[in-house]
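As structure tokens, the structure follows; a few thoughts come after it.
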Amino acid sequence: MIEIVHSLPTPHDAVRAAADGAGRLIPPLWPLASSVAVNPFLGHTGEPLWAAGARLGRASGAAVTMPRSWYRDRIAAGSITDEDLLDALADAPADLRPADLGALRGAAALDPEPVRPLPTVASLCAEASGIDWPGLIADRLGAWAAGHFDEGQALWAAPSGGSTLALWRAWAIHDLTPEIAGLGGFARHVSEVPDGALPALARAVCGLGLSPGALESYFHQILLSLGGWAQYARYKLWQAELAGGTDGTLRDLLAVRVIWDEALLTRYGERIAESWAAVAAAHASPARPTRDLVIDSILQDAAERAAQRALAATLAATLAGGSPGVGESRPALQAAFCIDVRSEVFRRALESLDPGIRTLGFAGFFGLATAHRRFASDIAERRLPVLLNPGLRTCAGGPALSDADHASRLAARARRAWGRFRQAAVSSFAFVEAAGPLYAAKLLGDSLHLGGPATPHDPMPRLDPPRDLASRVATADAVLRAMSLTSTFAPIVLLVGHGANVVNNPHASALHCGACGGYSGEVNARLLAQLLNDADVRAGLRERGLEVPADTVFLAGLHDTTTDEVTLYAGDLPGGSPLQGLEPVRVWLAQAGKLARAERALRLPRARDNASVVRRSRDWAETRPEWGLAGCNAFIAAPRHRTAGQPLHGRAFLHDYDWQRDEGFGVLELIVTAPVVVASWISLQYYGSTVAPELFGSGNKLLHNVVGGIGVLEGNGGPLRAGLPRQSVHDGEHHAHEPLRLSVLIEAPRQAITDVLERHREVRALFDNRWLHLFALDQDGRMAWRYAGDLRWTSTAASDGAVPGLPLRAAV
């Protein structure tokens, strides 16, 4: 029997504050059906990299930068120069940085001691007993959580109808594994836990002898040890708060794990008392950055400055080449793509085919934040940035397709019933014997890459319920102005969303559009095309001073980023008659796809030619069908002619923006607070999965097992893994992603940018604490000003000391 020795009770308010504070340090994990890139440092953006490194190192032992050898190689190769090192050194905290360049170079030549996390109660008990308590806890919690959080994968649903803590207690009192392993009386201990997470946590931390000052650090370490389970609970809280509510799952899950420590300390307390007292005292002290952490952060900053120099040279080459600005002549074709870095390669290829082709970059949800129901489905897919709530409700099809809708629903039910029959406990054995040979053809086809999913072609989406004309006109006006597309319209304007068609890939949705919430972007593109082709909407736009020529047609498309093929939704056009001039557009798109595939093949392992790139999307054994957004390191908001024709190698998010058309700088504010933040999440997810793969990566794709439709395990057990697989950032020999924090370049008056930062403290924190770098471009498109933090700017060398740059303030 376990007896609890209570110390002085800890007030519930202190426990609540510490639990909530620790929970905010955990990034959310979206389920696999709509997985989006998440900044793993989301809770640390209020502190610089070295401070986050101190906190994470103490809790998990994770690094926040690359090994020193990675920087040494770049210094030796000359890509990181002495100037980069000196500039980074000058920006580091004076009390911990090396004295001069020589001292920094000397420090870079030495490898620091590995970061060791504080021991946990479970790890101390494992040392004392020889029993792998951390592994056993992860196994038992995972076994329960897989059923509790299941989103439809399991054949039998776990019990529901209570809090997460209550449901775990009901399960745990019948689980004899801990007692068999040596934790006698565990079931009784669980049965005596107070109802509610706060009372349970308060009792447990008293038993653990933790002071109020130690709680947040201890809770943070516990939540990190839960891996993706804690992150999924954080997602539930995120979604609840976005809807104006709250959710207690994360706090309950924390209580579940702390109850284990409470029981273990009671069982092994005498043997680990001294060690645990030292750990508890360490949790109560601040996590202070070490000199090595600051040195590593300086080296990281220097690597980023080297990349910024290269980018500045690329932009200067555009200027030196005399690249013309956008003229007044009418283009033959305009094509708006998502700002996704994969679009940059295709856009450059398309523009190279004809001087009359112009492309634009805009967030891939095209300004339409919609909750969409696909054909014959009642599931509302949130096709919008996860920072936002849907403002529209849409569906595919309409009353005229009710018979087809009914037939599709019946077919879907039959498929689900057949699938459950195949997987059921009893029938699965007979199924393999009786029906297994019927799958020989499918097995052969999949092995020969003959099958695979097709691009979805749902019926044309529509607003449900419809919006009044004034609302539709206002939406169309806002979107066109945000795209800086207000004049010189081409006869055909493509609105191209993007998605990826791959097979046998649990993380397939991560290759879709991040701005569309992890879904492909054709729905939003088709909706906007309908809106802009509406004659009544165009008349309303005319009254607002925005004239769209009568012969201009907006046509939606979908860019498959795996094959670089573009599907056009010409069937959505009003009237049903063939569109004049469409055939040359199809030819251009096919040629651009061929050029883009040839460029991408140079980076893809074993990609020999165009055909092999396409074949990868149907290969069920291919762990790298495409590189996704690996390599991303810049975000540029400027007119397209600043970057046109320059090889950015699929590393830059490109958002069209003309500040002189942005009266009041509302579009600038939208860009800085939405697309820039989404891009930062993507960039920092790739960064975290590269520098700290054990903490922020999902491991080896070859070992993945999908759990509950939520995430993956690496192997047959252990914690839920979040983040990117190793194959998404590494080619087997070298890193495919260079972990650099994003450099944001904006062509706008500095004061306008400063005003936006001043109004949005959370966004400003990203730049003040160097999770993002910020530059203002001058009137020639050069990187003339660097944001120095605290709403200050410093001149850079990019303008050779002679160019005054854009005005501090816009002319009135």
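Including glycine, each Cβ sits where the backbone N, Cα and C put it.
Per Swiss-Prot, the feature Zn(2+) binding site maps to Cys338, Asp340, His498, Cys513. Sequence-distant neighbours of Asp340 (Zn(2+) binding site) (same chain, 6+ residues apart, CB-CB distance under 8 A): Gly364, His498, Cys513, Gly514, Thr561, Leu629, Phe653. Under the three-state DSSP scheme, Asp340 (Zn(2+) binding site) falls in the coil class.
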For His498 (Zn(2+) binding site): DSSP state (helix, strand, coil): strand
Beyond the site residues Cys338, Asp340, His498, Cys513: chain residues whose C-beta lies within 8 Å of the centroid, for Zn(2+): Phe337, Ile339, Arg342, Ser343, Gly364, Gly497, Gly499, His512, Gly514, Ala515, Cys516, Gly521, His559, Thr561
Which same-chain residues, if any, lie at least 6 apart from Cys338 (Zn(2+) binding site) yet have Cβ under 8 Å of it: Gly361, Phe362, Ala363, Gly364, Val496, Gly497, His498, Cys513, Ala515, Gly521, His559
